[in-house]
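For reference, the structure discussed in these notes is given below.
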Amino acid sequence: MEHNVFQVIWFVLWGVLWAVYFVLDGFDLGAGILLPCVTKNEAERRAVYQAIGPFWDGNEVWLITAGGATFAAFPKTYAVMFSGLYTALFVLLFALIVRGVAIEFREKVAGEGWRRFWDFLFWISSLVATLILGVAFGNLFLGLPIDAQGIFRGSFLTLLHPYALLVGALFVVAISVHGACWLAFRVNGEFRERLLRDAKILWVFEAVLAVAVLLFSLKLTPLWGNYLKAPVLFVFPLLAVVGLILVPYFLNAGRTLAAFLSSGAAILGVTAWGVAGLFPNLFPSRLNPEWSLTIYNSSSSPLTLKIMTVVAVVFVPIVLLYTLWTYRTFSYRITREELAYGEGY
Amino acid sequence: MDVVWASRLQFGAAAFFHFLFVPLTLGLSILTAIYETLYVKTGDEDYRRAAKFWGRLFLINFALGVVTGITLEFQFGTNWRYYSEYVGDVFGSLLAIEATLAFFLESTFIAVWAFGWNRLSPKMHCLAIWLTALASNISALWILIANGWMQHPVGYVLRNGRAELKSFAEVVFNKFAWLEFLHTVPAAYILSGLFVLGVSAWHLRRGREVAFFKKSFRVAAVWTLIFSLFVFVEGHLHGTEVAHTQPTKLAAMEALWETQKGAPWTLFAIPDPAKERNLVEIKIPKLLSLLAFHSPEAEVKGLKDFPPEERPPVSFTFWSFRIMVLLGIWFVLLSFWAFKNRENPEASPGLLRALIWSIPLPYIALEAGWMVAEVGRQPWIVYGVMKTAEAVSPISPVQVGVTLAAFLIFYTILGVIDFWLLAHYARKGPEPVTA
């Protein structure tokens, strides 16, 4: 009995880690996707890097922790998921490597060609990473072709199901909006005006795709099942919808931080909606529901879960505290003088 | 090539590259923190410049250390599915704890340090680099506790078809893991110390920024001597632990085929595993028994006592071990030499030249040591519990082969750029005083 409580706790924490990851790393991934589309000159491009510079690395650790937590709390899911989605995961890994290196190396050598090269890699790797994460979640929502032994009976192409691609598209657009809001919050002048405009245009696509995902999920996935059993869960999609509606409202009012937070709430809401719909599955089988990996048949022993809970309860709040502190310290408005000073990497 | 071999090569390549970048960051973060502390204490502008200069080199390397580390974490799942299933209950939590305790701290405060030069008070800024240094070392501790468990599994019980945690304390206070930590991390400090000494020597030889590099030199000379002596002594303790817990590894390290009392130490040998003997060997009588079991007559088990399928690759382990030990001796001598001349290193051109040429050597020693640890553990992935061949994922060799090739090409390019940038900025020297 007690075991079940810890399994549920770790399911919730698993969802929280993913949600925090998408909200935080989301804006720097979004900045990467937007880079070539919204910037007109070198000063603006540098402003984009400066706007995410102090944060992106810490943000990415949430992904690593989400991976690590899956390994620790649900080792069987970790093993089956990562080996089953082998090719997709390696593409994601390569994208993340390229991305990190691009951010770090771009400023290291003066020269237009050098910078343009890393700018291109930063853009494509941000886009690919976001798309893969979205498609992966889309596939989780659909269920995957895994057999009784947890062996993946499909190929890379199996993953490109139209519904999964739809979720991928939603991720890309939502994260772009998120990035645009953050950048608008950090810069000023004409660049800011342009970002506000772009964010509003992108938002229309985000809204359309979000509605499409919510509706198609009704037809194609079992996600809504849990909501009928426990209507209190409707708070998540509600959060997503309210957050989404508030974004253009705050953008029109020029309140960029509020718009950014609303966009974050929308991402949080969508992630929580999906994760809550999965429960108690972590890696559902489309071939036979009996073969799904759930929190009950794939978790660690009670002792490991207990120790991990203590670690999480003590350290996650500390991590959040100093993360918040860095956001307060480094969320200054990036002006021409700041760029000339050329702090950081 | 079968899936096991391809996966081993792939994991080996990923770990090899990771281990090219990480050791420098472990020590350079602390050295940077020491320089910055000296600045905060004395107000000496040269120390502020030193923190900036060495810190920048640290940053260049840090990025690659991080991204290659992410790959390693995910590879347990992608390539070693049955390993992850079988021991994830014990092993997985160690990786997750590492991320929660150390990785967040490190990634957050390195950025605070890089971006905070005039947004934070000098003391706060100095604290940021200390936190980074602390975190990267805590991170190494948890990773080595995880690896130490693969070397010498403790605190678990086989139940429900897998290894389940029995005592977390036993896993965390695993003596083998701590000896491994105390060997590996100070070895990384030697690498960082010799890096600083080598780069300083390069500038001193050219008479550039002499006052500045003499200050860097002095600190690094003391530092490197302390740790090369420490690693030397600790290496012996580590070796005796291996003798007790991993007899096949010891026998392979020493190319010892016959079990014998009063075993000799082999200075040189060409092992011939097919015939289970050494072609040529130069031996020192009774030394191995003395070193491994502290008694000249102690019995040491030879490879023939173990079935061939449980023996690690002998030549490889034997030579990796010898390269590591020989280089270790050289580091003791070299750092003693540097220490003796620490006040006026520019007066001894021979020392400066030796230091410059020795920059790559600790990299070789560390990789060799790591190969002794990992190759010497074969065919076990978890010593005595699970074989590497049983751990691999049910994936096609083609998939692994393609990613292996991609890795090699990709990491080589990144490594070349990284070392080129390191050399570029190391040669450039610190920023001018006016900045």
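Just so it is clear, glycine is given a Cβ too, placed from its N, Cα and C backbone atoms.
Just so you know, TrEMBL annotations are computer predictions that nobody has curated.
Copied over from TrEMBL:
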- B:12-35: transmembrane segment (TRANSMEM)
- B:56-78: transmembrane segment (TRANSMEM)
- B:90-115: transmembrane segment (TRANSMEM)
- B:127-150: transmembrane segment (TRANSMEM)
- B:181-204: transmembrane segment (TRANSMEM)
- B:216-233: transmembrane segment (TRANSMEM)
- B:316-339: transmembrane segment (TRANSMEM)
- B:351-373: transmembrane segment (TRANSMEM)
- B:400-422: transmembrane segment (TRANSMEM)
Checking distant contacts: for the transmembrane segment (B:127-150), what same-chain residues at least six beyond its ends satisfy Cβ-Cβ under 8 A?
22, 25-26, 29-30, 32-33, 36-37, 51, 55, 90-91, 94-95, 97-98, 101-103, 105-106, 109-110, 112-113, 116, 120, 171-172, 174, 176-178, 180-181, 184-185, 188, 373, 377, 381-383
Go through B:12-35, B:56-78, B:90-115, B:216-233, B:400-422 and flag the stretch with the largest number of C-beta pairs under 8 Å relative to the transmembrane segment (B:181-204).
B:216-233
With contact taken as 3 or more Cβ pairs under 8 angstroms (pairs 6 or more apart in sequence), are the transmembrane segment (B:351-373) and the transmembrane segment (B:90-115) in contact?
no
Restricting to the same chain and to residues at least six past its boundaries, which positions have a Cβ under 8 Å from a Cβ of the transmembrane segment (B:90-115)?
55, 59, 62, 66, 73, 76, 84, 125, 128-129, 131-132, 134-136, 138-139, 142-143, 145-146, 149-150, 153, 155-156, 163-165, 171
